[in-house]
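A.B. asks: One structure, as structure tokens, below. Some questions next.
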Amino acid sequence: MDNGVRIPPSGWKCSKCDLRENLWLNLTDGSVLCGKWFFYGSGGNGHALEHYKEMGYPLAVKLGTITPDGADVYSFDEEEAVLDPHIAKHLAHFGIDMLQMHVTENGSRDNDIKPRVSEWEVIQESGMKLKPMYGPGYTGMKNLGNSCYVNTVLQAIFSIPEFQRAYVGNLPRIFDYSPLDPTQDFNTQMAKLGHGLLSGQYSKPPTKSELIEQVMKEEHKPQHNGISPRMFKAFVSKGHPEFSSNRQQDAQEFLLHLIHLIERNPIGSENPTDVFRFLVEERTQCCQSRKVRYTERVDYLMQLPVAMEAAVNKDELIAYELKRREAETARRPLPELVRAKIPFSACLQAFSEPDNVEDFWSSALQAKSAGVKTSRFASFPEYLVVQIKKFTFGLDWIPKKLDVSIDMPDLLDISHLRATGLQPGEEELPDISPPIIIPDDPKGTACYHEDLYSPNILHHNSPDIDESSVMQLAEMGFPLEACRKAVYYTGNMGAEVAFNWIIAHMEEPDFAEPLAIPGYGGATFPGAGGAAVVGLDNQPPEEMVAIITSMGFQRNIAFHALRATNNNLEHALDWIFSHPEPEEENETTSETMDLENHVNANILAESDPEGPRIKDGSGRYELFGFISHMGTSTMSGHYVCHLKKEGRWVIYNDLKVCASERPPRELGYIYFYRRIPS
């Protein structure tokens with residue numbers, strides 16, 4: 001069409017939506033419009049196809065592919081890639097000289113390229129021509145609607161040999177013993193999903209014409225590559241108020257939920273989650289008496305604080321913030337983003353520094369006092385999961401995300417964080433329980449326990465909830481009401497104990513419902529020292545059972561220990577460690593087994609009464625994967641996973657699996673490290 005249109009050599013954008021990538025030049029009228037879907041990077045809005053449907057102009061050439069040797073041409077009429085024998089003449093009509101075209105993927109000359117700073121662009125490596133990867137271990141996963149948090153976590157754990165052996169290696173055995181309804185069996189679903197990811201049957205390379213067809217067609221042919229985790233997600237999220245929805249969720253929260261499900265559904269003698277489990281030693285010191293208490297707890301990931309005060313580009317950040325406010329006031333375009341650059345060493349230092357203990361009760365003084373707590377590794381896991389605590393609350397209590405860049409190391413050595421235990425010259429705090437807080441009983445019902453008449457018992461009309469612990473849990477992404485319940489039901493014993501309660505109750509239907517105070521007259525909750533008020537029947541409180549099972553012990557062992565120690569949480573843990581041989585189960589204990597676990601009884605692992613299994617070793621690690629989040633909150637945005645396989649980085653962006661050119665290590669949210677053999 002001789003309409004006088006001339007195409008400039010650079011600076012192209014869609015004439016309908018201003019998109020600057022995945023652009024196509026219509027060879028009839030010279031219009032520049034975006035494609036529907038861009039396999040190698042960011043997406044399009046389908047304006048090129050809409051234009052064809054409206055005008056009927058059949059041929060388009062992809063801008064950014066034009067070189068002296070040719071270009072990618074697509075025929076809307078034939079719905080496939082075609083060869084244009086007169087491409088040089090057709091391009092010259094619109095002022096494009098093929099011999100001068102040496103352009104980049106986004107249509108800009110090399111010296112015109114602006115650095116990409118947007119989180120969405122950097123993390124997804126938009127605008128780069130990423131090479132698709134195919135074969136075993138390079139299978140994509142369909143996004144079911146805000147399910148990328150599930151996809152990234154599963155890609156990461158199924159890159160670990162222990163998970164591959166447990167589910168894919170045992171696949172024939174799992175399938176042979178699967179129940180009549182395999183859709184309700186956790187191990188069957190895990191094995192099926194692992195086989196889909198690792199077999200290579202759903203990751204086969206398409207032809208070039210098929211690739212271009214995917215880019216341009218609005219209704220492209222069904223693709224055989226990639227798997228859909230619809231059945232798996234439906235099962236693991238059943239009854240969970242958050243994961244069962246179609247809303248975006250926190251990948252870290254889902255990872256812990258998945259670990260809990262794996263531990264509830266053992267397969268054989270090997271539990272693959274053993275590779276994540278480690279012991280944390282917590283040293284609490286009374287600042288007045290200087291006496292200390294050492295305790296240990298189980299954990300599965302290292303939560304690293306963001307040391308914002310250590311940013312190395314503070315002057316740039318201040319200048320950017322001033323420009324941003326001025327632009328917002330004047331309603332001008334915002335300035336180019338400046339992201340805080342935080343040294344990893346500063347974050348590690350912040351992790352190792354003492355924290356103030358809110359509302360600390362000193363057993364040495366038998367009164368409230370100032371206390372500090374430090375955490376160290378009593379053991380190092382085989383695989384270390386590091387979460388960057390990017391999500392916090394603003395002054396208006398609205399969750400927000402810290403948009404920061406942290407120079408995460410490829411090689412990590414945390415040997416200096418090894419726990420040391422009680423040191424010479426240190427004096428332990430007396431093992432005295434703090435006052436137990438019991439609400440007044442409006443009905444006059446008595447709790448039959450001699451300690452109720454002790455002067456150490458305090459009575460209050462309303463529940464006492466440690467709000468600082470609530471906020472610590474909420475910052476991890478858990479629902480606020482669930483955090484309040486966790487702190488309440490664990491007797492204000494701290495965020496760590498409440499965290500274990502959350503992990504044990506995440507799948508319950510009322511997990512995120514507001515706290516409902518039960519009628520008083522049965523069991524109450526443990527104090528910081530582990531003492532508990534119990535009813536006449538000595539029935540172990542469910543909250544205590546949940547705390548013990550969340551540490552990796554079997555449910556029947558938890559019941560044994562609590563009954564044997566009159567429901568004293570601390571003594572129950574001592575009892576478990578001091579009874580290497582399980583007692584013979586009676587009828588009552590058998591009834592306490594968790595019958596709701598959909599697990600094959602033929603391959604149940606033997607109960608391990610010796611405590612949680614720990615794979616201790618060196619504290620030196622190598623990075624092999626990370627999950628990144630784009631967006632302002634865990635409840636929105638998108639997740640992408642990068643994994644190092646066969647010596648190179650690979651990006652897993654739902655169905656798209658490509659060789660990574662610039663893995664954005666500095667913008668990750670959850671990092672996966674493997675231990676370096678000594």
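Just so you know, the numbers here start at 1 and follow the chain as drawn.
Cβ coordinates come from backbone N, Cα and C, glycine included.
TrEMBL labels come from automatic prediction, so no person has curated them.
Found this in TrEMBL, in case it helps:
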type	residues	note
DOMAIN	1-98	domain 'UBP-type'
BINDING	Cys14, Cys17, Cys34, His47	Zn(2+) binding site
DOMAIN	139-676	domain 'USP'
ACT_SITE	Cys148	active site, nucleophile
DOMAIN	464-505	domain 'UBA'
DOMAIN	539-579	domain 'UBA'
ACT_SITE	His638	active site, proton acceptor
A.B. asks: Taking the Cβ of His638 (active site, proton acceptor) as the centre, count every other Cβ atom within 10 Å, in any protein chain shown.
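C.D. replies: For His638 (active site, proton acceptor), the count of other Cβ atoms within 10 Å is 20.
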A.B. asks: Please list residues from the chain of His47 (Zn(2+) binding site) whose Cβ is under 8 angstroms from its Cβ, counting only those at least six apart in sequence.
C.D. replies: Cys14, Ser15, Lys16, Cys17, Leu33, Cys34
A.B. asks: Roughly where does the domain 'UBP-type' (1-98) sit in mean pLDDT, to the nearest integer?
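C.D. replies: When the pLDDT values over the domain 'UBP-type' (1-98) are averaged, the result is 83.
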A.B. asks: Using other CB atoms within 10 angstroms as the count, which residue among the recorded positions Cys14, Cys17, Cys34, Cys148 scores least?
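C.D. replies: Comparing Cβ neighbour counts within 10 Å for the recorded positions Cys14, Cys17, Cys34, Cys148 gives Cys17.
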